């Protein structure tokens, strides 16, 4: 209406709207966002004034704008480039606009109305091409250097090419504003390099491991095509079960890294049209998935600031006069760190393993020889066996706890105020286990060194070297305390756990304790986010399609034929779940594969839902020390070289049985008191 009131001809209105559409692009950082926001509105407006070629011009504008942005990134001088860029916009608008109007007028048979063209109204017809020439050989060295000169004039650059036969080429481009040097070498290097076997170490095999890949695919195909589908299960559900088993078998056998294989499983569910794209990726918006990732970022903050190392050193100073007291100090620190550092892997690798190695070496206990039993082996085993208990104590102490909570919700078991409910159920049996475990290992796997009077002195010296608590450490501690407070009391004020974690992480980012590069470089966080989401999504869809209900009904009927009470069924299924961890190399993979099915089985057998869900989650933590591959901390501690493989398996199995007795006896009385059954 505004354009019509100005009584503009369609070429004038067309140029005006195209120019406006182009310059509004400054407000957008994405071509797609620009199109989604404005393309339809501008197009419909121009259609109403009969601008028949506006769609083409709008598309041209997006490509041209990126040429302008490329100049900004290469030269880096924003004010100068904006001037040059604006000048080039005007020049190109005149050239492309004039040429385009005559071309479109001849080819598209535009209505011959009043045609007035000038540099202002035709700035929108900006089209500029950028030609990029790429060398045939891959660049092995590239350096960009910008001088400090701020002159707007751009002298012609000097270009020189140096060639040293037969394979090395270098290109140098220099000017007062930009210096570019590139060297490239072809695959056939000099004879000296070719004849030197040490210069080209053998490359690891690329791609998936063939035998695990073949087995995983075979399992999926057998379930899909050879095993008859039960009548209670829909074709879609049965096909999803085959994809799920294909994914789980790959996670166990390991043809590819966990995240990569989970992505392949996700792709298979979409390619086979088992799940639509939106449904397959729906779990990536799940709150608990992001809470897991943010937990890894918090752990990185503790490692980066050195606060975790400082806290561990304080506990050694206070309780380290004897070997047993030293182990209790480290275990107590592990428990406390579980409150503020929500990742067992990060606690093991970032805090306790360096501390234990330092203490052991100072006591003459070295890995890989007979002196390992002097101190290091005992501390390693104690810390590993207590890591599972500390992980089970709090909902946020281990990443797999959050996964179990989400999977339980998919089955239909929902905990009210989950952080508090979890801690109440785990507190008494966990503290009993933490009190007993170091003493039990002290008897089963005794250290040769019984007293460590030098440990507190060494810790005091280390604290002196660390100096007073830094500002970043105080900020880290305050942010974590605030976040934990929101985890505990947030439900009462309507703040969920993930929002609490987001607030804490945002605080650390704003205050500079950690930066976004720290988050981006945490591969474990993004890897966990990916494959957690895939497993949760598939498990949720298996529940929605009735597959989990069918499996639980089958087990319930079997247990009924055996005439077992629910406590007996509970013990059998919990023991089976624990021992099945021997075929898993990850606690999270174990939970993702078996937790929903075992929870549904126990509910079908009459076990109270909340009790079954919590005990399976506790069980999942306690299974992390069964073997050297059972969990991330187990692999780290075994890799330190202090404990033999046979001792890992022997102590892992014995301690798993003793932990089951402690948690079963103490826990059953406590859970009865809480009214869980």
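Glycine is no exception: its Cβ is also placed from the backbone N, Cα and C atoms.
Taken from TrEMBL, the feature compositional bias 'Low complexity' covers 185-198. Summarising the annotation, TrEMBL assigns region 'Disordered' to 182-206. Under the heading transmembrane segment, TrEMBL lists 84-104, 239-264, 276-299, 474-493, 499-517, 529-552, 564-585, 597-619, 652-671.
Only sequence-distant pairs (6 or more apart) were considered; of these, fewer than three Cβ pairs between the transmembrane segment (652-671) and the transmembrane segment (276-299) are under 8 A, so the stretches are not in contact. Two recorded stretches are said to be in contact when at least 3 C-beta pairs lie under 8 angstroms, sequence spacing 6 or more; the transmembrane segment (276-299) and the transmembrane segment (597-619) fall short of this definition. Sequence-remote contacts of a segment are chain residues at least 6 beyond its ends whose Cβ falls under 8 Å from one of its Cβ atoms, and for the transmembrane segment (597-619) they are 392, 400-401, 404-405, 407-408, 411-413, 415, 421-422, 425-426, 429, 548-549, 551-553, 555-556, 559, 564-566, 569-570, 573-574, 576-578, 591, 663, 667, 671, 676-677.
Sequence-remote contacts of a segment are chain residues at least 6 beyond its ends whose Cβ falls under 8 Å from one of its Cβ atoms, and for the transmembrane segment (529-552) they are 230, 232-234, 236-238, 240-241, 243-244, 247, 251, 258-259, 261-263, 265-266, 269, 275, 279-284, 286, 288-290, 292-293, 399, 403, 406-407, 410-411, 588-589, 592-593, 596-597, 600-601, 603-604.
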